[in-house]
Amino acid sequence: MNERMVDQSMHSEETDFELSLRPTRLRQYIGQNSIKSNLEVFIKAAKLRHEPLDHVLLFGPPGLGKTTLSNIIANEMEVNIRTVSGPSLERPGDLAAILSGLQPGDVLFIDEIHRLSSVVEEVLYPAMEDFFLDIIIGKGDEARSIRIDLPPFTLVGATTRAGSLTGPLRDRFGVHLRLEYYNESDLKEIIIRTAEVLGTGIDEESAIELAKRSRGTPRVANRLLKRVRDFQQVNEDEQIYIETTKHALGLLQVDQHGLDYIDHKMMNCIIKQYNGGPVGLDTIAVTIGEERITIEDVYEPFLIQKGFLERTPRGRKATPLAYEHFAKSNEERG
C-alpha cells in the first residue's frame, strides 16, 4: 500500500519530525481534556502514596497521541521509560530481559500490545499483578521453573484494536483511556504550535482550513502543514497564506472533508459501478485493486464516521450524504 497524505499511521521518515513536536508535560498537551484531567489526578495520587501508577491501557485510532502520552506519564512520574512493540517480544526471555532491567517505578510502554504472542502474554500476567516472573529453563526432564522478583513498575499498553485484547490482559489494567478524534479547534491550536516549532508563520484561515482536512488527527495535520510549507517556501511568501494552502491541498488531492483520491476511488466505485450498493467487501477490493483488510481497517472507518458509508448485512452502501458530496466533487473535477 502506498503511503497517503491522510494516512493516520506514521510514515517511515516521520519519526524524528514527530519527536521534535511532542509535548513532554500534560500542561503542554493539547486536546483530550478528559484524559488529561483523569491522569493529573491518578499521577498526583500515586506520587502522594509513593507508589507507581496503576497499569494504563491507551486505545483508539492511530495518530492521536498514545506514544506521546506514555512519555508524558513517565515525565510526570519522574521515572524512566522503556519502549517496545508487541511483535518484537517473540519469546518470554525477551520480556524477562526488559523487565529485569527496570528500576522501581519505571514505565514499560508496549505499543501494539494486541499483537503479543499468547506465550509472552501469559508470562506478563504475574509480572503485572504481583511483580514477579516465572521462567521455564531447560527442556523435558531437565526443565525447571525460576522465579524472578521484579521492582514495582507501570505498564502502559497502546492499541488501535482494544477488542482484540484478551479479557485477562485487559482486566489487568487499572486505568483504561480511550483517545478520541480531535475537534477542529484543538487541531487548529496544534497546527499553530507546530508552525512555531518549524519557524513558519501561518494565517488563521490556513490553520482552520488545515484543521478541517486533517481527519481529526494531529499526525495528519502536521504532515499536511509540512507539505503546505513547501509551497510557501518555494513561492517565497513571508508566511503561509490561505491562497497557498488551498492551492497546495488541491494539488495534494485532499478535499474539504480530508478525503483523498483513494476515498474518492472507493466511493465512486460503490456509487457508479454498483448503484450505491449494497456491495460486498471482496467485490470492492477486486474492483479498486486493494486488499480487503486494508479497506476494512484503513479506509472504511473514517468514511463511516463522516457519514458517507454504511455497513449492512448485505454489504457496503453509500449514504445520501455520499451521493451529494461525491457528485459535487466529480463535477468540480470535471
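Backbone N, Cα and C atoms are what each Cβ position is placed from, and that goes for glycine too.
Database features (Swiss-Prot):
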type	residues	note
REGION	1-182	region 'Large ATPase domain (RuvB-L)'
BINDING	Leu21, Arg22, Gly63, Lys66, Thr67, Thr68, Glu129, Asp130, Phe131, Arg172, Tyr182, Arg219	ATP binding site
BINDING	Thr67	Mg(2+) binding site
REGION	183-253	region 'Small ATPAse domain (RuvB-S)'
REGION	256-334	region 'Head domain (RuvB-H)'
BINDING	Arg292, Arg311, Arg316	DNA binding site
The region 'Small ATPAse domain (RuvB-S)' (183-253), counted residue by residue under DSSP: helix, strand, coil: 52 helix, 2 strand, 17 coil
Inter-residue C-alpha distance, Thr67 (ATP binding site) and Arg311 (DNA binding site) (nearest angstrom): 31
Candidates Arg292, Arg311, Arg316 (binding-site residues) - the one closest to Phe131 (ATP binding site) by CA: Arg292
Between Glu129 (ATP binding site) and Arg292 (DNA binding site), the C-alpha gap once rounded to whole angstrom: 39
Tertiary neighbours of Arg292 (DNA binding site) (same chain, Cβ under 8 Å, six or more apart): Leu281, Asp282, Ala285
Non-site residues, in chain order, whose CB comes within 8 A of the mean position of the CB atoms of Arg292, Arg311, Arg316 at DNA: Gly280, Leu281, Ile284, Ile295, Glu296, Glu300, Gly315
Winner by Cβ contact number (other Cβ atoms within 10 Å) across the binding-site residues Phe131, Tyr182: Tyr182
Number of Cβ atoms other than its own within 10 Å, given for Arg311 (DNA binding site): 13
Farthest-apart CA atoms of Arg292, Arg311, Arg316, residues recorded for DNA, distance in Å: 14
Thr67 (ATP binding site), number of other Cβ atoms within 10 Å: 20
Secondary-structure category, per DSSP, in which Arg316 (DNA binding site) falls: strand
Among Leu21, Gly63, Glu129, Arg316 [binding-site residues], residue with fewest other Cβ within 10 Å: Glu129
Rounded Cα-Cα span from Arg311 (DNA binding site) to Gly63 (ATP binding site), Å: 24
Rounded Cα separation (Å) that holds between Tyr182 (ATP binding site) and Arg311 (DNA binding site): 24
